[in-house]
């Protein structure tokens, strides 16, 4: 039982040490998520107003008559 307790303590110390060393990885992960989700916000969905500065998503077309995505 005593060996198990020591083993668990060593595992906890190693895990926390690894978390401290990899502390900057969270920021890189957030930047990657922001980059990937940014493209979703730049295009417009169905029936949304569209223009050259605010294009429709690739599966929609901007109507020249209504300036809306369809």
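Positions of Cβ are set from backbone N, Cα and C atoms, glycine also.
Sequence annotations record features per position, and here Swiss-Prot assigns signal peptide to 1-19.
Taken residue by residue with DSSP, residue 57 (disulfide bond) is part of neither helix nor strand, so it is coil. What Swiss-Prot lists as disulfide bond is 43-57 (among others), and the listing cites similarity to another entry.
Reduced to three states, the DSSP call for residue 62 (disulfide bond) is strand. Cβ neighbour count for residue 62 (disulfide bond) (all protein chains, 10 Å cutoff from its Cβ): 18. Swiss-Prot lists 50-62 (among others) with the feature disulfide bond, giving similarity to another entry as the kind of evidence.
Long-range C-beta contacts of residue 56 (disulfide bond), restricted to its own chain and to partners at least six residues apart, with a cutoff below 8 Å, comprise 43, 44, 45, 48, 50, 62, 69. Sequence annotations record features per position, and here Swiss-Prot assigns disulfide bond to 56-69 (among others) based on similarity to another entry.
Neighbour counts of Cβ atoms within 10 Å were compared for the disulfide-bonded residues 43, 57, 69, and the top value is held by 69.
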